[in-house]
């Protein structure tokens, strides 16, 4: 049934106190009041853990509210706690008001007992009815037995009251001490051999528990040590290069953190996800699985996932947040996978995180007893070489098993159930299997524009430096686009002198940026008198052996899914102390205690960069092998290849240690990053640099030709896999993330000829790239290719991270877009105004979908200008933004001069009556608009009157959506008058508008004179069941 947790958090205690302090807790609690508070009661019963729920059952059983048969019905293994809580409420409600009152009292007793346990009454140890007394004093007996079940079982077995099998069943490691005590009492209830009398007598002799274990000195000492340990690990932010140590408090900058929304769920349109604070990680509603314990944070490489966890650890250790957890255990997945020996939960927590100096048994039991006060964090799940599976079940917290089985069962809740777990990962590593066990999923999207600026100001407090850097970024959109990932912002900060002094162009591609940081490190490792200006061939050639050693190590690590390197592995790769001193290898974070300090690359992207460098320049790499990198005939994708024996770097002479084998075994998302870097290194831009370092220019030319051929072939294969269009329809394709990386590789190579060739093969009418982690850098790559399309395309980029900077990157391809969908992309007025400024000159662009962004009245003038100037524009969807009456009035001016618009979406804004009036006046004589949505805009009867006048005049509008307003009967009566004179409207949606039978009657009278209208939606209004039946019979066009 899982581990218990007798304590609840401060927030939960407060909520419970508020609920129990209301009328439900008094003697006058009625069944109606009980039912009205059902959702709050369910939340209360499941807010702590299974221990709190079972404590409530103890009290109800002792008061005979529940019969023995009722009680047994709540002990079905594997049932979610929320299901059990609802079943308990149903059972109690059916028993009447007295039972409802008793459940409230039981919840009060259980809450009080969790905070300050006390002995409730006493009993006669020589009772004539021992089984009945065991039941009536059950809560106190469970508390007495808590730490003495083992001894009591041994004694009962010696006396012959229980069998060895029964002892083993009660001792199963999945049960906590309290659960074992309850199962012993349950056994005594059904056995008629004297066990009940034996327990009643001997439990009386046990010592009374004086205090919660949480208050014990041993526990407090361990908690203090754990806080100190976590604080020491998280107080300072080691920069990627390890060259400087910054106080995390001084440098930490909030990232854009959003909760993942299931767009497939039914219900009203959702607003764009709000940017959350870290402190909301465990309190956000909208759970994927209410019974799961694991919180997932996904983000691209370099988006700041590790730093976010470090911030969480620091806030907890400093006592500033997350204080509902008494124990926080941080782990790194790249460190965990290095553990070859089997280990248990106890070994993991104590030997690989924080060792208790005294009382190890008591402290571990405490963790098992109170899992809801425990938080475990696992950073970098994408770097864990074992793929998640739920096939191997492991439920014992003391029995050792493999590290992957241990981790997977922790995430599923088979171990330390009710303990919170936080996992960070790149999106590609999260499978559908894992998502089944996720409570809440968050997207970490990197820095906002304000975040980039704030970070640079925190890094550079010298007068003027930050201002100059920010101006440089704002003037260089490609570089600005890269910086939304914190790792690039760090690079810009690190190389600020080089960037500000550069006379040529600023870095444009990812490869440019990494070569700049390489130059920075090489210059700082070179004596001042011999250092040249910039990354010249002589500088690179002088350290080429070092770079190749690092590249060989990086490539081997990718092939082996190894990201932390021991001294032996460094030696086998011929990495010398001089190579290490260059600064790209740093001491691994979260080093396993007792081991020698291993090293790791500054960041996973640096490991990929050096692997690409090795592939570009090493004489050991035949050019033909590059096909494995660009997905051209990769046998390593087959299941058989994945089962090949793992190799070791020491056996480099073996067949499996070849470059091909390494590329076949590497994780796909790491190969994609490496491929993009290799394409950039082999570009014409960097040809001269590499040619000076290559003994054979012919070999470099062959590599370059091979990379071009592989890229072109992979794109051709991707395009040929697109199924043909249905007759009469445009060809549509939903591109996958792999396609994005091929486009990014093409962009890194910066060859217009290849881009034009790729565009010729993309013969589609609708290109869909939703949920593909498209940020500003990907937008630049897409525009680089799509601008060469011969036919216009509808480009759909919903649910990505485009932002204002990404919009700017898309402008070069706007001329070939016939429609652009940018739903849920954190775009503000600034980005849209730039987009529209360009769209004024793009005759192909006829549709814009911008709902679920951050648009306000500030963009209304640009929108109005677009409508007034572009007389072939067809659709403008602005739903779920922040536009008010003022913005609607400005937009109405543009509508008056427009003769082409067919679809106008305004749902979920704040236009109110004044905005509705302005739009209605502009649309009265409009000759093309067919669909208008003003759902959820706070429109009342005044706005409805204006819309009714519009309906009386308009002869084109076919659908009007007015749900979720407050039109009421007065507004509906006005609309009914307008319908009497209208001859075009086919669908009128009026759901959820506080309409009564009076308003419906007015609509029926209008429908008698209107044969055009096909549907009137009236769901969610204030009709009785009789009125619904009556109205439906009178006219079937009323949808009730």
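Glycine is treated like the rest: Cβ placed from N, Cα and C.
As recorded in Swiss-Prot, the features of this protein are as follows:
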LIPID     395  S-palmitoyl cysteine
LIPID     1033  S-palmitoyl cysteine
REGION    241-274  region 'Required for CARD9 binding'
REPEAT    844-865  repeat 'LRR 3'
REPEAT    984-1005  repeat 'LRR 8'
MOTIF     63-77  motif 'ATG16L1-binding motif'
- For each of the recorded sites (395, 1033), count the other CB atoms lying within 10 A of its CB, then report the residue with the highest count. 395
- To the nearest whole angstrom, what is the C-alpha distance linking residue 395 (S-palmitoyl cysteine) and residue 1033 (S-palmitoyl cysteine)? 60
- Secondary structure composition of the motif 'ATG16L1-binding motif' (63-77) [DSSP: H/G/I, E/B, coil]: 5 helix, 0 strand, 10 coil
- Reduced DSSP state (H/G/I helix, E/B strand, rest coil) at residue 1033 (S-palmitoyl cysteine) is helix
- Query: Going by DSSP, how much of the repeat 'LRR 3' (844-865) is helix, how much is strand and how much is coil, in residues?
  - Reply: 9 helix, 4 strand, 9 coil
